[in-house]
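Participant: The structure's right below; bear with me while I get my questions together.
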Protein chains: 2
Amino acid sequence: MSKPSIPKGTRDFGAEEMRRRNYIFETIRSVFALYGFEQIETPAMEQLTTLTGKYGVEGDRLLFKILNSGDYKAGIDAETFTEESPAALAARLCDRGLRYDLTVPFARYVVMHRNELTFPFKRYQMQPVWRADRPQKGRYREFYQCDADVIGTDSLMPEVDFVYMIDEVFRRLDLRTTLLLNNRKILAGIAEVIKAPDRLAQLTICMDKLDKTSVEAVLADLVESGFDPDSLEPVRKVLTLEGSNRDKVTTLRQLLADSEIGLKGLEELEYVLDHVDTSDLMTDLTFSPSLARGLDYYTGAILEVKSLDAPMGSISGGGRYDNLTGIFGLDGVSGVGISFGAERIYDIMLSLGKFETAMAPEERIIIVNFGEEELQKLLPIARQLRQAGLPTEVYPSADKMKKQLSYANSRGCRYVIIAGSQELSDGKVSIKDMTLGTQQECPLEEIVSRLRESLSVGH
Amino acid sequence: MSKPSIPKGTRDFGAEEMRRRNYIFETIRSVFALYGFEQIETPAMEQLTTLTGKYGVEGDRLLFKILNSGDYKAGIDAETFTEESPAALAARLCDRGLRYDLTVPFARYVVMHRNELTFPFKRYQMQPVWRADRPQKGRYREFYQCDADVIGTDSLMPEVDFVYMIDEVFRRLDLRTTLLLNNRKILAGIAEVIKAPDRLAQLTICMDKLDKTSVEAVLADLVESGFDPDSLEPVRKVLTLEGSNRDKVTTLRQLLADSEIGLKGLEELEYVLDHVDTSDLMTDLTFSPSLARGLDYYTGAILEVKSLDAPMGSISGGGRYDNLTGIFGLDGVSGVGISFGAERIYDIMLSLGKFETAMAPEERIIIVNFGEEELQKLLPIARQLRQAGLPTEVYPSADKMKKQLSYANSRGCRYVIIAGSQELSDGKVSIKDMTLGTQQECPLEEIVSRLRESLSVGH
């Protein structure tokens, strides 16, 4: 029999990793709920027709496809099998695929359920997604996404809420961040001002590289991409903008004076600045006019969060999209959403030792097993402790004391109840505190109250 | 564009279903934790070699298989494609499949991680599984399993814990149940006593039907299956056993006097009865010697829970298996586990209206939006409410009052804060209680304390 293994790029999560992952998920979830978002879940499998063509050519290639059940090859002749490309043949062999993100299933959900939903619809979703990417450090084939979206309102209040929500999540996780803010219409305005409105995509791809390179390199890159060097002065001004968020807005208002869409973008951006009280924020809210963030479907605000503690790239982000449900035939529904990169957040918290300080230690109780006679007296105690809400286990067999204590230790049990027949007939037990290394006697009838007190004091 | 849909047998879960499902999952999870179980998660995909051959021929057929990435058909010639059976060809096209249950991945996990784990290892796992079954009422292709197992101890304490855990879960869910208990060794003893030790599987398949048919029908079925009619008197006695659990044990002790394994089974069963105080239980603990529960891998205790409120079959169950990890080359590890059927529990709670009584209502707050001027004064109030932990949203645009109230209603918001410019300049707001239909004035500086009080009183 060969040694069992798991598929490349997937992971098992043990007890400690689960506690830490749940801590991050629970933090994000509680902030989503605090702002009135409601949870939904969609199936792991979607129809391939729902997924295909939504993520570009590369995305289609990375979809996990599920072989049809039953006689999946009926109706496919040998020639078709031989001649067709793997992709074309896969469309015959597979009707379903694993979800690639939470955004497309959400759009599909909204369209399918539009008659039951109340708009604006505020949902969050925290589920795994699957991508047949080449696995590498920090990149997995199965990973969680944590998304919140508001759909069905043109109001910019959701953008304001999202700034506060991002701030609150990272405040609770005790991570220092910069929150970069931009608006896709400002980028469109810049393209208009340099007389290249049809080359917005290329312009933003180049500008977005500013955080990894220099202004001169970005400008050179633009020229190489075919932009007229004489037209690029406004771009240089944007790339070298300094000062406060308000200063940047003032400068850009002059620069974009002739672009209606550019001014509209500035107005939307100012709305967010006007409604966020930065003195309330722990994050550093920065207007960054070069931020583009995958131009594809964003049409308004763009948000991106960078960790100040680790050079990890983006750990959260989002933006407004004006026609997401259009891909499923429902036009004119505007939405805005954010997503938290739980896997990266986990890695940062681990490297900074944040879990130890942020999470309350597990304070389980274990009762040492000396044998049948003691057990009969201790089982009712275990039941009382559990009735009081205290996680309690009884070691299952009368193994050597050393083995039982070593088990208690490796399980992270804080309190060990030790009682032989003599102590029990004297009506008492010993309680060992594994953290402090102390041990004290306790009458049987006081065990629950004393441990309840110790454990609640500990929190 | 065609109307989007989801694959047959899968489901979307909306906000209300999610709250109810989470309530069930959270109840089960908290009881698992109370008894010292720790959560793990395994990937949705496993190697097909891990899954194949573990669930019988029918199970293999029901596995969802994932088409290999890239040029998956390289090396498969046209003849192979045409000649091979769908199953044999699938083994060439697919290296991975979706997990079919949580038990086999758990066994694989234990074997892979055995050097990091402390035994006895107590884990729980709550994740979806996938089966290409024909969908029908109550049977889905994607559904959650909630399993707890203890592995690496021969002690019968876990069986005792599981009785209490099952009782506690259904007590918290307020569902009336019968907990049927048996031991696979007792069944083996009966097979020995009727001189058919090699026909245990067939014997138990027939006996297990007792709850759906009569004693005479079971006996006739056994005769038809080739059992000697003259040997079946002990089986008749077992099937017609009445009285208390202890009475049944006494009768069986005589019946199984010549079967070593049968007596061992009775001894194990009595251990559980001796260590469970039935006066503590809400469930009705019943020794049921005909209970077999899919004989395949159980070797000791067998547990099954039936709802007394709805004729739904089993809603929880489990048992001891002595060699689960043997399939992956690690012998001699005994385990025992239980599983909760969350989907069936959901259906029962829904049909009994239990969610309404069991779950605290959601008490969200919404602030009516009258426009920009009021917004600037109300946003700080929203922030204060959230800082106090009260879920609060601001309606995103200055729509008509009626529309905003209807939104509040459909979202289940308990309190609506209403304040026009006049009220705000007088330093107050109105708070409308959507449940009671009342409305009262409240000074700005008292909103937080008053709502915090109302909401905590409500719980």
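Glycine is no exception: its Cβ is also placed from the backbone N, Cα and C atoms.
TrEMBL feature annotations, pasted as is:
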{"type": "DOMAIN", "residues": "A:1-380", "note": "domain 'Aminoacyl-transfer RNA synthetases class-II family profile'"}
{"type": "BINDING", "residues": "A:D101, A:L102, A:T103, A:R131, A:Q145, A:D149, A:R293, A:Y297, A:Y298", "note": "L-histidine binding site"}
Participant: Where's the emptiest Cβ shell within 10 Å among the binding-site residues A:T103, A:Q145?
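Facilitator: The binding-site residues A:T103, A:Q145 were compared, and A:Q145 has the fewest Cβ atoms within 10 Å.
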Participant: Of all the binding-site residues here, A:D101, A:R293, A:Y298, which one's CB has the most other CB atoms within 10 A?
Facilitator: A:Y298
Participant: Could you measure the widest C-alpha to C-alpha distance across A:D101, A:L102, A:T103, A:R131, A:Q145, A:D149, A:R293, A:Y297, A:Y298, the residues recorded as binding L-histidine, and give it to a whole number of angstrom?
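Facilitator: Among the residues the record ties to L-histidine, max Cα distance equals 22 Å.
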Participant: What three-state secondary structure does DSSP assign to A:T103 (L-histidine binding site)?
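Facilitator: Helix, per DSSP.
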Participant: Sort A:Q145 (L-histidine binding site) into helix, strand or coil using the DSSP assignment.
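Facilitator: Once the DSSP labels are grouped into three classes, A:Q145 (L-histidine binding site) ends up as strand.
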Participant: I'm checking region-level scores; what's the whole-number mean pLDDT for the domain 'Aminoacyl-transfer RNA synthetases class-II family profile' (A:1-380)?
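Facilitator: Summing pLDDT over the domain 'Aminoacyl-transfer RNA synthetases class-II family profile' (A:1-380) and dividing by its length gives 94.
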